Protein chains: 2
Amino acid sequence: MDNRPIGFLDSGVGGLTVVRELLRQLPHEDVVYIGDSARAPYGPRPAEQIRDYTWQMVNFLLTKNVKMIVLACNTATAVVWEEVKAKLDIPVLGVILPGASAAIKSTTHQKIGVIGTPMTVSSGIYQEKIQHLAPDMEVTSLACPKFVPLVESNELTSSVSKKVVYETLKPLVGKVDTLVLGCTHYPLLKPIIQNVMGPSVKLIDSGAECVRDISVLLNYFELNKSRELAGQNHRFYTTANANSFAAIAEKWLERSVNVEHVNL
Amino acid sequence: MDNRPIGFLDSGVGGLTVVRELLRQLPHEDVVYIGDSARAPYGPRPAEQIRDYTWQMVNFLLTKNVKMIVLACNTATAVVWEEVKAKLDIPVLGVILPGASAAIKSTTHQKIGVIGTPMTVSSGIYQEKIQHLAPDMEVTSLACPKFVPLVESNELTSSVSKKVVYETLKPLVGKVDTLVLGCTHYPLLKPIIQNVMGPSVKLIDSGAECVRDISVLLNYFELNKSRELAGQNHRFYTTANANSFAAIAEKWLERSVNVEHVNL
């Protein structure tokens, strides 16, 4: 039993897709969230910079006395998950292995697509993890550099978004039966992505899959919060404008949220 | 990536219900199983003896170079899981927390029944774990000392079994909406138990729930077996008669198995 909050970090608002799933599956747990929207997107940045920025957020979360840290960002997971996990004495989760495992279970024709930021795709980490577990899988990866800026500017259903998603994903249509949304921002574009890919393609939300892992690890490390305490003490921090962050967060989480601006 | 087998231990054949689920969900993993049928049932034994016997099996599994140990036995989990987990440097899983979590998720009226061996029930561990996570749950526990001997003697569908199950479970009928099968032997009696409890009662198979945890921890600790290697190198050991064990195992696992007698 451990009543401390769970820490989440992301380059911006994308990790909220993980938080939404957490609040559904584990509504009694408390959340501390830090989004680095001022420096998003991370995808096109060099690995060393992503590493520095992620550590700044990790250290910020540690000052909030968290019991677990979730890298709710595929780019950060690709670059620095193993290093952070090795250095901290609390559990550290990434979103890539849960997404890779779910894709292997889901695919019916061994044809998996992965979309992500330029860094996630160029790291080849999804392909590596999927093919390590299941060498017969055909993995096709595609960088979607325009998706995170769309989401960060709250363009979730505009005609601009539809056009960008359609043009970006065209090379994958008809080629895969399962598509990993390898960036936690992308579930915010899920209806458009599903529409472009077609109804038979299974979309894997790496962040939502990660919540199953959070639940198991809370059990394994005996870190669950007691349900005697109401789980309403969530705190959100952003390096950019608090109101802009709150607008997206409140819509996505379907509740009012308290957002503070913070400098890292 | 780690191609060593996963070790399972049980007081007898009950842990095979966990193995069956493992082979369904993670068919590429290898299994080493030890069942202490010669000394089953564990349930009526004193805690100190259960502790000694379980450690004998743990040490046996360690000689087989396992990468993870699953206490596929509620009684052993109740008595010694935390101790074994603390002492070994490989992950050690029990079946109680996964069962308790699944019951909390399943119940619709906060009325959970738990059936188990006398030791599991008198330890109060399910009630403790469930109410720690969710204090508003009403937990009714019932010891079923006759169930394990029925299963160990392969009496899975006889009229004797039906009579024993009916008479034992009568106090719970109509009182709970969810029933935890808090002994890995009990899923072998599942059709009879479901029939007695009624179709609306959700039965929680603690062993099957545990496989979800195995999968997540294989990911977290990066211990998955490569799928390049076929997962057909399973080994089963029993402290009692190998042929009797094989008869139950082959029926339950729907495949031929290789069983060796061993003295602990």
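Each Cβ is built from the backbone N, Cα and C atoms, and glycine gets one as well.
No curator has checked TrEMBL annotations; they are predicted automatically.
Sequence annotations record features per position, and here TrEMBL assigns substrate binding site to B:Asp10, B:Ser11, B:Tyr42, B:Gly43, B:Asn74, B:Thr75, B:Thr184, B:His185. The active site, proton donor/acceptor annotation in TrEMBL covers B:Cys73, B:Cys183.
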- Around the Cβ of B:Gly43 (substrate binding site), other Cβ atoms found within 10 Å total 26
- Item | Spatial separation of B:Cys73 (active site, proton donor/acceptor) from B:His185 (substrate binding site) - C-alpha basis, Å | 8
- Task: Determine the most Cβ-crowded residue among the binding-site residues B:Ser11, B:Thr75, B:Thr184, using a 10 Å radius around each Cβ and all protein chains in the structure.
- Result: B:Thr184
- Near B:Tyr42 (substrate binding site), which residues of its chain come within a Cβ-Cβ distance under 8 Å, counting only those 6 or more away in sequence? B:Ser11, B:Asp36, B:Ile50, B:Tyr53, B:Cys73, B:Thr75, B:Ala76, B:Thr117, B:Met119
- Item | Rounded distance in angstrom between the Cα atoms of B:Gly43 (substrate binding site) and B:Cys183 (active site, proton donor/acceptor) | 9
- Message: Quick check on the active-site residues: of B:Cys73, B:Cys183, whose CB has the lowest count of neighbouring CB atoms inside 10 Å?
- Response: B:Cys183
- Task: Report the largest Cα to Cα distance, in Å and rounded to a whole number, among the residues B:Asp10, B:Ser11, B:Tyr42, B:Gly43, B:Asn74, B:Thr75, B:Thr184, B:His185 that the record lists as binding substrate.
- Result: 12
- Task: Please work out the number of neighbouring Cβ atoms within 10 Å of the Cβ of B:His185 (substrate binding site), leaving out its own Cβ.
- Result: 30
- Query: B:Asn74 (substrate binding site) has how many other Cβ neighbours within 10 Å of its own Cβ?
  - Reply: 37
- Nearest-integer angstrom distance between the alpha carbons (Cα) of B:Asn74 (substrate binding site) and B:Cys183 (active site, proton donor/acceptor): 5
- Cβ within 8 Å of the substrate site's Cβ centroid: which residues qualify beyond B:Asp10, B:Ser11, B:Tyr42, B:Gly43, B:Asn74, B:Thr75, B:Thr184, B:His185? B:Gly12, B:Gly14, B:Gly15, B:Ala40, B:Pro41, B:Cys73, B:Ala76, B:Thr117, B:Thr120, B:Val148, B:Cys183
- Message: Give me the CA-CA distance between B:Asp10 (substrate binding site) and B:Cys183 (active site, proton donor/acceptor), in Å, as a whole number.
- Response: 10
